[in-house]
Amino acid sequence: MADDHKVESGLNTHVEKRAEEVHQLARQFTEQSTFSTAGQNPFAAEPGSVLDPIGNNFDALAWCKAMLHVHTEDEKAHPLRTLGIAFNNLYVHGFGSDTDYQKSVGNVWFEALALARKALGTQNQRRIQILQNLEGTVEAGEMLVVLGPPGSGCSTFLKTIAGETDGFHIDKESSINYQGVSAKKMAHEFRGEAIYAAEVDVHFPKLTVGDTLYFAARARAPRHIPGGVDVAQYASHKRDVIMAILGISHTKNTIVGNDFIRGVSGGERKRVSIAEACLSSAPLQCWDNSTRGLDSANAIEFCKALRMQADINGATVCVSLYQAPQAAYHYFDKVLVLYEGRQIFFGRTDAAKQYFLDMGFACPERQTDADFLTSMTSHIERVVQPGYEGCVPRTPDEFAARWRGSHQRARVLQDVENYNTKFTLNGEFLGKFRHSRRAQQARVQRVSSPYTLSYAQQVNLCLWRGYQRLKADPSVTISSLIGNVITALVIASIFYNLQPNTSTFFQRGALLFFACLINALGCGLEMLTLYAQRGIVEKHARYALYHPSAEAISSMIMDLPFKVLNAILSLVQALPFCAVVLLGLYSYTGFAIPTGYMLGWARWIAYINPINYGFESLLINEFHDRDFQCVAIVPSGPSYMDLHSRNQVCSTVGSVPGQAFVNGDAYIQSAYDYNVSHKWRNIGIILAFMVVLGAIYLVATDFITEKKSKGEILVFPRGHGALKSGKPDDFEGGSDRNASQEKSKSDRDDLTVIESQTAIFQWQDVCFDIKIGKESRRILDHVDGWVKPGTLTALMGVSGAGKTTLLDVLATRTTLGVISGEMLVDGKPRDESFQRKTGYAQQQDLHLSTATVREALEFSALLRQPAHVPRREKINYVTEVIKLLDMADYADAVIGVPGEGLNVEQRKRLTIGVELAARPALLLFLDEPTSGLDSQTSWAILDLLNKLRKNGQAILCTIHQPSAMLFQRFDRLLFLQAGGQTVYFGDIGQNSQILIDYFVRNGGPPCPPAANPAEWMLDVIGAAPGSHTDIDWFETWRNSPEYAQVQAHLSSLKLEHAQQNPLARVSPGTEREDRASYREFAAPFCAQLREVQIRVFQQFWRSPIYIYSKAILCVLPALFVGFSLFNTPNTIQGLQNQMFSIFLLLIQFGQLIQQIMPHFVTQRALYEVRERPSKTYSWTVFMLSNIGVELFWNSLMSILMFLCWYYPIGMYRNAEPSDTVHLRGAQMWLLIWTFLLFSSTFAHFMIAALDAAENAGNLGSFLLLLCLLFCGVLATPAQLPGFWIFMYRVSPFTYLVSGMLAVGIADTTVTCADNEYLRFDPVNDTTCGQYLAPYIAQAGGYLHDETATAACRFCPVADTNAYLRGVGASYADVWRNFGLMWVFIFTNIVAACLLYWWTRVPRVKKPVVAPQA
C-alpha cells in the first residue's frame, strides 16, 4: 500500500509539474510576443508579427494555438484525429541463417544451395528473440521516450509500433490496439497515420531544403484548407513554420546535399529529415534517435516542438534518444527502458528514477535521469548503494523478473486492460477515425487508400518536383541533348542525299536499323536514375505521400519533351545499355538477322519484339510503291554490249530479268520476308506493347521494394571461428557490447603502444570565405587557438557554426574557398607531410565495406607509418591498437555498410582506430566522435581519448550534446557561434567553473547548480532556435582580457620556437630528421601500389554480384548471338550475318562500360573523401590499381566470351580448308581480349574527370555511336563521304571488325542461297559457262551449272576473300590490327590518369597570412 501511495503521489506531482512547465512555456513565448494572436488567421499574419514564420518575432506556441482556433472555427475542416496505442504480451522475433558469412566469388554458390534448401523447406533457421513480453499504453497527447543501449531493441520497438515489420515477425499472441484500430488496418488502410522516422537521412541531394519540405507539406495537404488560402499558400506557410521552429529558415535555398555532395551541414540535414516527417501530420510518430548530430540546444528544441504537437494537436509521440539532455527528458510523459529486448521499466518519467533507487542503485551527481536509466543496462556503469550489493538484479532476466513482480507493472497491466475496454477493436472509434481521414482526402481518392491526394494530384506534384530537380541539375539532360544534336548531324552527313537506286538499299536498311537500335537502348540512363532515387521514393511511400507509380509516371512525362526534342533533332538517342534482354530486341529486328535466317527455336523472339514491328513498318514506309534504278547489271562489260534485256539482270535481291529497276516491295519481300499489308497493323501492335509494358512497370513500382537490411549483424569470412561459436545474431548490433565492456582494467590502461608527442599546433586569425552565387560568405571569422600535447580540446558550437569547416581548414582538407590566417607547427608553417602526420577521424564513418576490421587497420598502418618501420612491427602495432580499442571480439568481422555489418559504436571505434594505426606524429582531429552513440558508449569513447591524452596525444575534438559529466572530461574549449565567430577559448576548469565565471562576468545569467554547463552556455549566447540575446558575444570575446592573453600566448609560442632554432628547417613530431620525413606519402610508390592492388583484388573477389554480373554481361550476349546464328552458312547473307555477329558483340561495349562506371565512382568517393586527404596513397596508385584489377577480370571474361561466341557460330570451320584452326582461334581470342581491355580502360577514361556516371555514360554512348557508325559495318569506307574517312581510321572498332571478320571467314568458299542467285538466260546457242566466262574472269563469282543453256543461276561471290575486299578487310592486317588495339588501350590509360590529375587532384592552397597590426 505504501508503494501504491508513493506511485500515486509521484503521478500527482508529475501532473502538477507538467502543467507548470506548459504554463512556463506559454509565458516564455508570450513575453516575446508583440501582437495579440486572439482570433488571428495565421495565414494572413502581418509581417513581423508573432505569427509570421519569416519574421524574427515568430512564436511557435502562439502559431499552434492560432492554427487550432482557425481549424475549430471552420465548419468544413476535417475533425482532428488522435491515435493512442496499447500493447500487451508483445513478442518480436527474427530468423538467422547459417549463410550469414561474407560472400565471395568462390563461396557464393553455397548461398545458392542454401536458397534451394530454403525453398525445399530443409534449411534450419535460428529463431532470434528481439523483444520479449512488452506491455504499456501511450494515450493520445502523450510522449514516450524509449531508452536502451544499441542492441536493446529500441529501433525494433519503434518500427513495430509504426507498422514497419519487414525483416522480423510479431508473435500471434501479441496484442496491439491503435485506439480501436487493428494493426492490420493501420498498416494498410491508415499507413501514414503512424510513421517511423529512421536515423538515416535520405533526400534528393540536389533539391533545395525549401523545395524538399514544400513537397512534403503539399503531399499531405487536406482537401479543405481552413483560413481561406489555396493549397500552394498552405504548403508554403507550413513549410516556413516548421523551418522556423527547427531553426533552418536560413537554409531554404540551399541544396540538401549528402555525404559526397556539399549542401547543408550534418545537423541541418538531420533537421530537414525531422521537418519532412513532421509535415506528414501523422497522429502517431515514432522517432528513432532523431537527435543524432544535433547540439543540445537543438535537441531540446526538437523535443519542445514534439511537446507542442502533443499538447495542442493531441499527437502521440514515441522517441528513442541517446544522450538525452535533462531538459529534453522532462518533456516526456512516459519512459520505456529496454535491456537486451526485455522491458525493465515502463511508466511515468518522474517515477522511473525512484523505481531504480528503491531497488538499491545510486545516481551519481550531475548524471541525467536518462543516462541513469540507461546505465541500468551496463554492469560497469550502474552504481549500487552500500548494503544492497547482494539483492540488486544483475542480468537482463533478473531485471525483467523484478519488473514483472512490481506494483508498477501491475498498474501498467491495469492501464492496458482499461484502454482495451475503452477502445474496442473495430468499434466506434474506428468509424470516427475513418471519417476524419476521409474528410481530409481528395474526393476521388478511395476510402481505403492511405494517401491524401488523388492519383492525378500525386502525379502532378511529382512532376513539379521533377522539374525542380531538372533545374537544379540539368547536366545529364543537356549533355544528352547536345550528344543527340551532334549525332544527328553526323548521321545526316554520312547518309546525306541517298540516291534512289539499288546501291543505297543496304544503307537505307542500316539507317533505319540504327534508328531503332539506339532508341531501343534509350532506357539505360533511366534505370540508373530510378535505382538512385529508389530509397527516397520508398520512404515517401511509407509516409503515404504518394504512390511510387505516381513518381514513375511523372518521370515518364518529364522525359517526354526531351524525347520529342530528340526525335525532332535526330534519328537516335544514345544512352548506356543496361539489360542483356535488349540484345534480343535489336538482334531480332529483321536486319541483323533476316527472318529467313532466324532459327526455329528462336523465331518467337521476333514475335514478342516491338522493335521488330517498328523496323518492318519503317522499311515498308521507305520502300513501298517505289522503283529503284539498277546501278549494277550482270553480266556487263565490253563483251556484253547490245544484249537483249532478258540476257541481263540487276545484281540485287528481288530483281527481275529484263528490268532496269527493282521494285521496293519485291526487294523487302525477297530480302526480309516483309509484307506491305503489315504497315499499320504493326503500329497497333507497338501501341499495345507500350500499354502492357507500361502497366507492368507501374504495378511493379508499387509492389516491388528494395532488399531490406538484415540489421547490424556481424559477418565474418567463411570458416572463421565466430561462425562456429553458435552466438546468436544480433538484429540491432549490440551483442558485442558487454563483451567489449568486460575487458580488464589492466588491458584498458596499456598505453605504451601510443607514441608521445611534443609538437604544438597553433592557429591565429584564421578566416575562411566561400563564394555562393555572386556573393562571398564568411564561414570562419578570425579564429584563434592552439593544441598542446597531452591536452583534450573540445570544439563546440551550434549546428552550422563551422566546426567541421574549421577542422578541415586546420587539417589542410579544403580545396574550395579562400583561407587566410596563420597555422604553425612548433612555430613553422605546415609542410607537405602535415596531412599524413595527423589523424582525422571524420564524422562519417567511411570504410571499405568488404574489408575486415583488422585489414582496414593494417592497411592504414602499412601505408601511413614511416617507411623505416619494419612491416612486422606495423602489424604488431595494429594488434595493440585492437586491444586498446577493445575490438578483439570483432577484429576479423567484415565492416559492411551502414545498417548491415558493424554497428554505430563499432564503426566509430574503427574510424578512430584507423587514425591511431597510422601513428600520427602531430595531433589527432576528431569530428563528432560521440554523435549517434548512447551515453555509455560516448563515455567509453571519451575514456579512450583521455587515455590518449595522458600519453601525450594532442587532440582537437568537435562534440554535440555532451552531458555535464562528459563535458568535464575536456581540458579546454573552443566555442563558436553562428558565422564561425569565437565566443570563448580557454580552460574549462573544475566543474566548468572557469567557463561559467567568464560568461557570468560578461552579462550571462548564473548557471543553476543542477544544470549542464554545455547546455547552459548555448542558451546564454542565444544559440537555441527561438532564443535571443542582446549581448554580442563575439565582440565581448574580442575585448576581453582572456582574448588578450590568448594573443600574447600565441605570440610567445611563435617567438619561443623561433629562438630555439631560427635557421633549421623543423618537421615537428618526427623521430628522424631525414628527407623521408618531409615526403607527401610515408610509403614509397611501389609499396603503395602493392598494398592497394592487394586490397582492390580482395575487394573484387569479395564482390561476387559485381563479378558474376560482369560474367553474365560477357557470357549471355555471346551465347545469345552465337546460338542465334548457330553454324551460319557461308552464303552472301550468311557472311553478312557473321559480320553482324561481330557488330552485335561490340554493341555490348556500352553495357560493359556502364557496369564499371558506377563501381568506380563509389571507390573514388571513398578515396577522395577519406584516403586522399590523409595522404594514405597517391592518386596515381589509385587509378592504376583500379584499372589493373578490371584488366585482370576482363582478361578472364575474354576467355568465356570467346568460347561462347566463336564456336557456336561455326567460324572455326572456315579455317579448316587452310589448316589454320588453332592459329585463327588464338587470333580471335586475342582480338576479343583486346576488345574487353579497351572497354575497361575506355570506361575509366570517360569517368575519370566526371562526377556522375550518367554524364560519363552520355559521353561514352556518344563516342560509342561514332565507333559503331564508322567501323565499316553500316557504311563501308567506299560509301563514306571523303570528310569522314579519318573517323573510319581513328575508330578502334574499325580494326576490331576488320581483324575479327578476317580471322573468322578468310580463305574459304561461298555458296549462295537460292534467293541470292541471279537468274537470266544466255544468248542463243551458248551455255551459261561460255556466256559468263569473260565476266567471271573480270568480276569473279561462279555458276551453279555451267552446262545449262537456259535460266543461268549466277552467284556474284565465289570466295570469302572477295567479300572481305568489299568491306575493306584483309587477313594480312590481323597482327597490325592487334597492335593498334594495344595503342588504343594504353592511350586510354594515359588519358584517364591525365584527366584525373587535371580535374580532380586538388592544388595546394596556401593560406594568406594577415598582416600584423
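Each residue, glycine too, has its Cβ placed from N, Cα and C.
Computed from a predicted structure; not experimentally measured.
Taken straight from Swiss-Prot:
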DOMAIN    108-365  domain 'ABC transporter 1'
CARBOHYD  Asn289  N-linked glycosylation site
TRANSMEM  476-496  transmembrane segment
CARBOHYD  Asn501  N-linked glycosylation site
TRANSMEM  510-530  transmembrane segment
TRANSMEM  564-584  transmembrane segment
CARBOHYD  Asn675  N-linked glycosylation site
TRANSMEM  683-703  transmembrane segment
REGION    725-748  region 'Disordered'
CARBOHYD  Asn738  N-linked glycosylation site
COMPBIAS  739-748  compositional bias 'Basic and acidic residues'
DOMAIN    761-1003  domain 'ABC transporter 2'
TRANSMEM  1105-1125  transmembrane segment
TRANSMEM  1142-1162  transmembrane segment
TRANSMEM  1191-1211  transmembrane segment
TRANSMEM  1230-1250  transmembrane segment
TRANSMEM  1266-1286  transmembrane segment
TRANSMEM  1290-1310  transmembrane segment
CARBOHYD  Asn1324  N-linked glycosylation site
TRANSMEM  1378-1398  transmembrane segment
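Sequence features annotated in Swiss-Prot and their locations in the structure.
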residue	record	DSSP (3 states)
Asn289	N-linked glycosylation site	coil
Asn501	N-linked glycosylation site	strand
Asn675	N-linked glycosylation site	coil
Asn1324	N-linked glycosylation site	coil
Q | Pairwise CA distance, Asn501 (N-linked glycosylation site) versus Asn675 (N-linked glycosylation site), rounded so that it is a whole Å | A | 21
Q | Reported mean pLDDT - the domain 'ABC transporter 2' (761-1003) | A | 87
Q) Ranking the glycosylation sites Asn289, Asn501, Asn1324 by other Cβ atoms within 10 Å, which is at the bottom? A) Asn1324
Q. Going through 1105-1125, 1142-1162, 1230-1250, 1266-1286, 1290-1310 one by one, which has the most CB pairs that fall under 8 Å from the transmembrane segment (1378-1398)?
A. 1230-1250
Q. Excluding the flanking five residues on each side, which residues at least 6 beyond the ends of the transmembrane segment (1290-1310) place their CB within less than 8 Å of a CB in that stretch?
A. 1130-1132, 1135, 1138-1139, 1142-1143, 1146, 1206, 1209, 1211, 1214-1218, 1220, 1224, 1227-1228, 1231-1232, 1234-1235, 1238, 1266-1268, 1270-1273, 1355, 1357-1364, 1367-1371, 1373-1374, 1376-1378, 1380-1381, 1384
Q) Under a Cβ pair cut-off of under 8 Å, which of the recorded stretches 1105-1125, 1191-1211, 1230-1250, 1266-1286 contacts the transmembrane segment (1142-1162) most often? A) 1230-1250
Q. Other than its own, how many Cβ atoms are within 10 Å of the Cβ belonging to Asn675 (N-linked glycosylation site)?
A. 13
**Q.** Asn675 (N-linked glycosylation site) versus Asn289 (N-linked glycosylation site) - Cα distance in angstrom
**A.** 67
**Q.** Rounded Cα separation (Å) that holds between Asn675 (N-linked glycosylation site) and Asn1324 (N-linked glycosylation site)
**A.** 38
**Q.** Close approaches to the transmembrane segment (1230-1250) from elsewhere in its chain (Cβ under 8 angstroms; 6 or more beyond its ends)
**A.** 1114, 1145-1146, 1149, 1152-1153, 1156-1157, 1160-1161, 1183, 1186-1187, 1190-1191, 1194-1195, 1197-1198, 1201-1202, 1205-1206, 1256-1257, 1259-1260, 1263, 1292, 1296, 1299-1300, 1303, 1374, 1377-1378, 1381-1382, 1384-1385, 1388-1389, 1391-1393, 1395-1396, 1398-1400
